[in-house]
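A.B. asks: TrEMBL feature annotations, pasted as is:
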DOMAIN    23-174  domain 'Glycerol-3-phosphate dehydrogenase NAD-dependent N-terminal'
BINDING   Gly27, Gly28, Gly29, Ser30, Phe31, Gly32, Ala156, Arg271  NAD(+) binding site
BINDING   Ser30, Phe31, Arg51, Tyr68, Lys124, Ala156, Arg271, Glu297  NADPH binding site
BINDING   Lys124, Arg271, Asn272  substrate binding site
BINDING   Lys124, Gly152, Lys207, Asp260, Ser270, Arg271, Asn272  sn-glycerol 3-phosphate binding site
DOMAIN    196-334  domain 'Glycerol-3-phosphate dehydrogenase NAD-dependent C-terminal'
ACT_SITE  Lys207  active site, proton acceptor
Amino acid sequence: MAELKFSDLVEPVAVDQKTALRITVLGGGSFGTAMANLAVRNGCDTMIWIRDAAAAEEINQTHINKRYLPDYTLETGLRAVSDLEVAVRDRDIILVAIPSHSFRDVLKQIAPFITAQAVVSLTKGIEAKTFSFMSDIIRAELPEVPYGVLSGPNLAREIMASMPSGTVIASESELVRYAVQHALHSALFRVFGSDDVHGVELGGALKNIYAVAMGMGAAYNIGENTKSMILTRALAEMSRFAVKQGANPLTFLGLSGVGDLFATCNSPLSRNYQIGYALGSGKTLDEATKALGQTAEGINTIVQVRAKAQELDVYMPITNALYEVIFENAPPMTIALSLMKNGHRSDVEFVLPHHEV
């Protein structure tokens, strides 16, 4: 695979600068669609791949993604396709917005004919069987292609409504970071850079756990003090786990960490918040999932992260509590009260170690 040679990408993009990069988004969910729409607005030659040929044709005819974003009209320049080879051949950047359980399979399918100079994950999740991050899967399945991950407080409906938002592109390649900034950065959507790929990924994956917790708490009408405690203790859990995975804990002070955590945990638009609210309202997991009608990555992430945390001996009481409530039918209030009775700990353990409390 040739070295990245995006012309003029020698410094971060100006807000008003257009680009003619050829972009494909794999996956027609809400966030993938929103990113594809942004790329078109920025002057990119943009396609979106959707498995269902009928759904792709409907988008081309109506310029609406009726399943995921029925209230928003898409840019007329966005082309939807259902043929994977057509979608990825002769493209500059591939943005992959495929659920984590299908991510590797789709990359295997595109490997024989991909010509992109960068592949960027938009997926916030962890592969269940291997506990692999999406960047690890890209590196394994497309070893010669430069890669990155995009993550942040990015609720698709707000982006589609042109509400100011920001995100983080993480890559060890400076050119990949600049290319994605050129493709997506605008006056209403700021794209910040990072080289901590796993840190940015973990922020996007782990916050889903705590969005479930916050939604569940909302069903019980918790107060502002309780919300603040959940958010900050969630950030502590995330940082502890991330350090064990080789990430920089300071990454969690940025958009992909506390920013994404705050947005997801406080928004009824979040799928994970919604499923948590349904569970807190007395629905079973099956009932809550069926009512939502979309994937809530947080449920799978709870199972995966709990197992990995036990393996690595990472203290994650909120994650453990959610597992007991959702999968072992423990009474939510009983578990919540037990959390409050946990022993003395320092507030920020990277400042004051727990053994010194």
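Glycine is treated like the rest: Cβ placed from N, Cα and C.
Please treat TrEMBL annotations as automatic predictions, because they have not gone through curation.
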A.B. asks: Give the three-state DSSP assignment (helix, strand or coil) for Gly28 (NAD(+) binding site).
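C.D. replies: DSSP assigns Gly28 (NAD(+) binding site) to coil.
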A.B. asks: Determine the C-alpha span of the substrate site listed in the record, that is the greatest distance between any two of Lys124, Arg271, Asn272, in Å to the nearest whole number.
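C.D. replies: Across Lys124, Arg271, Asn272, the two farthest Cα atoms sit 12 Å apart.
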A.B. asks: Counting every protein chain present, what is the number of Cβ atoms, excluding its own, within 10 Å of the Cβ of Gly152 (sn-glycerol 3-phosphate binding site)?
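C.D. replies: Its Cβ has 24 other Cβ atoms within 10 Å.
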A.B. asks: Between the Cα atoms of Gly27 (NAD(+) binding site) and Tyr68 (NADPH binding site), what distance do you get, rounded to the nearest Å?
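C.D. replies: The Cα atom of Gly27 (NAD(+) binding site) is 11 Å away from the Cα atom of Tyr68 (NADPH binding site).
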A.B. asks: Using a 10 Å radius around each Cβ and counting other Cβ atoms from all shown chains, which of the binding-site residues Phe31, Tyr68 yields the largest count?
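C.D. replies: Checking each of Phe31, Tyr68, the winner is Phe31.
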A.B. asks: Using a 10 Å cut-off between Cα atoms, which of these binding-site residues sit near Phe31 (NAD(+) binding site): Tyr68, Gly152, Lys207, Asn272, Glu297?
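C.D. replies: Correct set: Tyr68.
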A.B. asks: Nearest by CA distance to Asp260 (sn-glycerol 3-phosphate binding site): which of the binding-site residues is it, out of Arg51, Lys124, Arg271?
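C.D. replies: It is Lys124, whose Cα lies nearest.
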A.B. asks: Considering each pair of residues in Gly27, Gly28, Gly29, Ser30, Phe31, Gly32, Ala156, Arg271, all listed as binding NAD(+), report the largest CA to CA distance in Å, no decimals.
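C.D. replies: Max Cα-Cα spread across the NAD(+) binders: 17 Å.
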A.B. asks: Enter the number of other CB atoms within 10 angstroms of the CB of Gly29 (NAD(+) binding site).
C.D. replies: 22
A.B. asks: Going along the chain, which residues six or more apart from Asn272 (substrate binding site) have their CB under 8 A from its CB?
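C.D. replies: Counting only residues 6 or more apart in sequence, the Cβ neighbours of Asn272 (substrate binding site) under 8 Å are Asn208, Ile209, Ala211, Val212, Gly215, Thr264, Ala296, Glu297, Gly298, Ile299.
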A.B. asks: Out of Arg51, Tyr68, Lys124, Gly152, Lys207, Ser270, give those binding-site residues positioned within 10 angstroms of Gly29 (NAD(+) binding site), comparing C-alpha atoms, in sequence order.
C.D. replies: Tyr68
A.B. asks: Max CA to CA distance in Å over the NADPH-binding set Ser30, Phe31, Arg51, Tyr68, Lys124, Ala156, Arg271, Glu297?
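C.D. replies: Taking every pair of listed residues, the largest Cα separation comes to 22 Å.
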